[in-house]
Amino acid sequence: MPCGHTSCFKCLKKLKPQALNCPLCRNPFNSVDSLPKNFVILQWMSSINQNEPKPPIHCDNCDPNNAKVAAVWCKACDANYCEDCDGSVHAPRTLQRHERVKMKDKARKIESCLSHFEEKKIFCSSCKVFVCGICVVDHHKNHDTISVFKYSDGLKDTLKEMVKGLVEKKDLVGDIERDLDDQIKKKGDQIEGLRVELRKLEEELKTMEGEKKSCVEVIQKSETTHLVLLKLIEDLSLGELTNK
């Protein structure tokens, strides 16, 4: 992606057209189909897959319904043969010169060019393909090429740097996660403190309302007493005037 991150193509295809953002940094990009392949990651994944247990390879010349497990691979034929078929196919003297490799050693051999039957010991950086020496002269002249061994060393260094970067990012994410946890705890403590203060204020308000009610009752009683006294004074005044 333009941001430099790499993601699964199938996963990116599931994104909505209006939400094409990098899953890691959220930076937008225009189109999934226009994104270039990360050949370093693809090569790395390929090397990992090569180390995984694989099902047995069967003979290409046997009856498909009853094929035996292949014993050799013929470079010239580019085919896998069991011991019986290898002997029968390469019985003619002209075919006995075909170079065969045992299946257990095939994975450790450098792939051969099907056009020139030479090992692909050169990597063309311009075309992103492995080629043989003749292919370089015929089709990759003036291209940027390096030996497979240098390419492998460079690939290892690149992968080491990527792993180092991932470890650093993992540590950074861990620090951020711990910092967020601390902030969440502090905010939680603050919220709990505010709740305690709110309960105190509610109790104080309840107490003040009770005191207010008591004051109102006292005032009302005082006013009633005051009116009674005024009435009594008025009655006494009228009585004195009548006696005179």
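Backbone N, Cα and C atoms are what each Cβ position is placed from, and that goes for glycine too.
Quick look at what TrEMBL lists:
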COILED    184-218  coiled coil
DOMAIN    1-26  domain 'RING-type'
DOMAIN    54-103  domain 'B box-type'
DOMAIN    108-148  domain 'B box-type'
Long-range environment of the domain 'B box-type' (108-148) - Cβ separation under 8 angstroms, sequence gap at least 6: 39, 75-76, 78, 101, 154
Secondary structure tally of the domain 'B box-type' (54-103) (DSSP, helix then strand then coil): 14 helix, 11 strand, 25 coil
